[in-house]
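One structure is given below, encoded as structure tokens.
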């Protein structure tokens, strides 16, 4: 095929991407990524790699000084105006702005005059994306320290969540979650980040991936339909209730007392309950025990302890649903690989393969019945992390 024809086809897709199926879009993105890597000079790829960490760091600094809050998308703003509003030295802003321009967050209209693109609005200080950047950059230190950690401790995956790269880098004996609780900025950004996971392109709605309707219709009705184990402030259950207002049976959100006390309000029909998933499960015989991104925070020992308590509370008709990213045996995406290494550094945990999930479930007396992925659900869009729902029942 002539190169000119390939270029024309790609241009057509770029002009009207809505005419392309989601599966074809993913294939095109993967192919184009490989093409860019193949065509770009090796030295350019190398330089991009070296300076890539500066992108989130510059974003973080711009967020901290409220640079994006000082702008209106599409309207020009001068360097002098930005310096005045942010109380930041003009030269420093100019240096940060160079990186933001290279990321297409701003365009340079003329010398020291900038125009924010639509993307700039995503990074206003209180926006969810800005809070994710804040939390992510706080975690960079533990990743930077990984070479030193392995050189000193030996080259094997950490398994102790209170003696792993996080503690090594920060200089603390606290678990990562406990340390975050001592830092209000980190705690706020962490809470927002977890809530954002349910939004489009980060995570799909779990009840769209898994065919929950069959459990809703099942007779006889159990007293408790859903226990959201480690459910935070209840965003997952709230979303479920919104889409299934007629569900029969109680809906319960569980988390540690400090998190439950922070919940400002829950919709009618949803209960909040203080519960530690490392202790016996207080709700017995629920229809569904739902754990969203809980196990990937914990090494195998702790993950199995959590599952044992759920197992002990189940009845024969109970179901365990795990919302997780399943690491493929081969062909993992950059995002999935990055998440796995981040979990390793922060918690000595991991993103598990289907077989690894099967093994820990089996060891606590549960059997993996089926894995439901976004592809199986025929969703029109798939999340960046490739969300799956693992269905498990008593052996």
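Yeah, the Cβs are placed from backbone N, Cα and C, and that goes for glycine too.
Unlike curated entries, TrEMBL annotations are predicted automatically.
Sorting the domain 'O-methyltransferase dimerisation' (47-123) by DSSP state (H, G, I as helix; E, B as strand; all else coil) yields 46 helix, 11 strand, 20 coil. Look at TrEMBL and you will find 47-123 tagged as domain 'O-methyltransferase dimerisation'.
Annotation comment: TrEMBL describes 163-366 as domain 'O-methyltransferase C-terminal'.
DSSP gives residue 296 (active site, proton acceptor) a helix state. Long-range Cβ neighbours of residue 296 (active site, proton acceptor) (same chain, at least 6 residues apart, Cβ-Cβ under 8 Å): 324, 325, 339, 343, 349, 350, 351, 352. Among the features that TrEMBL reports, active site, proton acceptor is placed at 296.
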